[in-house]
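Engineer: The structure is given below, and queries will be raised subsequently.
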């Protein structure tokens with residue numbers, strides 16, 4: 001026997017059985033019948049579950065819901081089964097399939113309250129009657145159920161997926177089983193056992209479709225950005241493109257886009273999507289704090305309205321005017337780096353209501369909108385700067401600079417340039433030599449004591465005046481002598497109506513008034529505002545958005561001259577007075593647009609009826625605008641010999657514009673058409689409809705101006721007398737201008753005036769003083 005230690009093999013310790021032994025693998029019948037665990041499937045057939053999960057491959061969520069609905073329906077013998085998906089972010093319940101029927105418009109409803117919220121909060125199945133559900137969902141169900149099923153029973157089973165890493169909210173669905181003969185507990189187990197295996201597939205498919213949707217939206221946004229930046233040179237075109245893309249992205253019927261005005265007081269819409277009704281104006285303005293769009297502009301927060309007519313901020317009047325029926329609204333702000341610049345409002349989602357995903361795409365879309373709009377506005381400003389530079393260069397090339405010798409010549413002039421009745425309403429300033437006019441301006445300023453009271457430098461004022469004089473073009477009517485005549489009439493108003501003495505104006509306001517008269521038509525092109533806009537001129541491109549195209553140009557050129565070296569004669573004013581002067585200059589020049597006067601008509605009538613309060617800034621502004629209009633029309637109150645020459649100049653200019661319009665293929669207005677115009681009729685109509693009401697308003701506020709109305713009435717009768725010779729001379733082939741320039745017209749009017757001594761006496765003699773022969 002071997003004396004060594006006996007050998008032994010190392011035995012492996014058996015591992016415990018990690019999985020329960022299947023019944024068919026157990027050794028004894030007792031083991032087979034021994035149930036040591038709770039079965040996973042209590043009421044479901046494993047084979048059917050396997051076949052169901054096998055069929056849920058590579059299909060959409062809609063097809064998934066159909067198959068799941070059919071399985072639960074067959075297992076519970078229900079009349080109908082459908083799935084309600086819960087979106088935790090938007091707190092919405094969504095139904096897109098009922099049984100095997102796909103809804104044309106998916107149902108979407110808030111779950112902030114009601115039976116659905118109760119089921120979700122308790123996480124237990126519940127039995128409800130059909131009438132307890134939301135009305136719209138009831139209608140969908142009743143269309144699919146057997147008639148007279150208003151009292152149908154619905155078992156609602158909540159299914160909640162397990163929260164995975166990185167997820168904030170799990171997928172939650174409510175399975176609704178309608179009219180099943182089975183018990184609620186059995187129905188709950190059938191649904192729970194099926195969705196234990198099928199919910200992950202539904203979850204993954206839903207996420208895949210969501211990722212695909214987000215990808216498409218990102219691609220759409222990139223496409224939108226490319227389209228937007230191709231419209232930077234046309235803001236209206238860009239706004240139309242924004243509205244079109246917003247409608248497409250959100251699948252909405254209509255879109256409105258409002259931009260905040262520069263003062264951030266109103267939201268303005270000039271471009272509309274869809275058909276514009278005849279009752280809707282070409283521009284809509286709403287207060288920043290009114291309506292749905294105003295509320296969004298004020299708060300800066302998106303607003304999703306499911307039922308427009310039940311919302312307190314919704315205005316029904318627009319629907320009534322256009323015939324459009326608004327169901328739901330998605331309104332969101334458009335911002336740049338400085339804040340809100342506008343608001344977009346989508347109406348009527350084509351399928352259902354606007355949901356959380358629409359809100360997300362709207363907010364992302366608004367960023368692109370804000371960037372593109374601001375880039376467009378900056379591009380427009382750049383073009384405006386280029387146009388201003390072009391106009392300034394054009395002006396400087398057209399007119400030579402003022403030599404210092406010309407300034408010295410005016411300052412050293414010893415001629416008094418005195419005229420009889422210089423400060424009379426009937427004085428005719430256009431008879432003064434052009435070379436004398438700068439000296440006459442100095443005379444007016446001296447007579448009103450502006451140099452002393454306001455510390456005005458004479459040399460700078462003279463240089464400014466000479467630049468302004470050179471700034472006028474050689475047009476038939478709107479030339480320097482027209483500006484000088486307007487300025488002289490302003491001076492006469494100050495003297496004759498005692499505007500400074502009576503407290504209507506301060507010396508600073510009176511000086512701004514006369515300077516505005518000097519500059520009010522500087523660089524006039526001999527055409528109207530409408531012609532500038534219709535012809536698409538550089539001026540129209542620069543100023544058309546502001547209105548009063550020519551007046552804004554006159555103001556810009558005036559400020560340009562004022563800022564020229566040695567021309568700022570008001571720099572000695574205090575800072576407050578200097579800013580006030582510039583503000584007055586702007587207001588008074590813009591007031592020479594007759595359209596502006598008509599806007600103040602009601603204000604003027606109120607002043608006439610209730611009296612003029614000189615201390616009220618608004619009434620004082622309206623009064624000064626009235627004075628500017630009267631000065632601009634002052635030729636109409638002059639004697640016949642003056643107004644006849646003015647008419648020749650004016651209609652010569654008008655007819656030239658009419659000829660330009662004809663060359664452009666357009667039909668000019670009657671007053672611009674040399675082949676059709678009857679000058680006496682046009683003058684009588686203008687005097688009756690425009691001049692008499694304006695000067696009547698002035699006379700009501702300042703009774704000393706009553707004589708001006710008499711002068712206009714006299715001239716109306718003179719025009720009426722001149723018509724006697726028109727038919728005969730027209731037959732001879734003479735044009736309207738040729739007839740007006742003929743001696744026959746003058747003879748006929750003089751004959752009429754001799755028959756009316758009261759009118760003849762109104763014509764005061766114009767004569768030079770003793771030493772007016774020398775030029776300045």
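From the backbone N, Cα and C atoms, a Cβ is placed for every residue, glycine too.
Quick caveat, the model's predicted, so the values are computed rather than measured.
According to TrEMBL, the record shows the following:
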REGION    1-23  region 'Disordered'
DOMAIN    400-726  domain 'PDEase'
BINDING   478, 479, 480, 481, 482, 521, 632, 683  AMP binding site
ACT_SITE  478  active site, proton donor
BINDING   482, 520, 521, 632  Zn(2+) 1 binding site
BINDING   521  Zn(2+) 2 binding site
Engineer: Within a 10 Å radius of its Cβ, which of these binding-site residues (479, 683) has the fewest neighbouring Cβ atoms?
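Structural biologist: Counting other Cβ atoms within 10 Å of each of the binding-site residues 479, 683, the minimum falls on 479.
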Engineer: Cβ within 8 Å of the Zn(2+) 1 site centroid (482, 520, 521, 632 excluded): which residues?
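Structural biologist: Not counting the recorded site residues, we get 478, 483, 486, 517, 524, 592, 631.
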Engineer: So what pLDDT does the domain 'PDEase' (400-726) average out to?
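Structural biologist: Summarising the domain 'PDEase' (400-726) by its mean pLDDT gives 91.
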Engineer: For residue 478 (AMP binding site), what is the tally of other C-beta atoms lying within 10 angstroms of its C-beta?
Structural biologist: 23
Engineer: Which residue, out of the binding-site residues 480, 482, 520, shows the minimum number of other Cβ atoms inside 10 Å of its Cβ in this structure?
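Structural biologist: Per-residue Cβ counts within 10 Å for the binding-site residues 480, 482, 520 bottom out at 480.
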Engineer: Among the binding-site residues 479, 632, 683, report those whose Cα falls within 10 Å of that of residue 520 (Zn(2+) 1 binding site); none is a fine answer.
Structural biologist: 632
Engineer: Relative to the Cβ position of residue 632 (AMP binding site), how many further Cβ atoms are located within 10 Å?
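Structural biologist: Taking all protein chains shown, residue 632 (AMP binding site) has 24 Cβ neighbours within 10 Å.
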Engineer: Near residue 521 (AMP binding site), which residues of its own chain have a C-beta under 8 A away, given they sit six or more steps off in sequence?
Structural biologist: 472, 478, 482, 483, 486, 550, 554, 592
Engineer: Restricting to the chain of residue 481 (AMP binding site) and a gap of 6 or more, list residues whose Cβ falls under 8 Å of its Cβ, or answer none.
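Structural biologist: In sequence order, the residues whose Cβ lies under 8 Å from that of residue 481 (AMP binding site) (at least 6 apart) are 429, 430, 434, 437.
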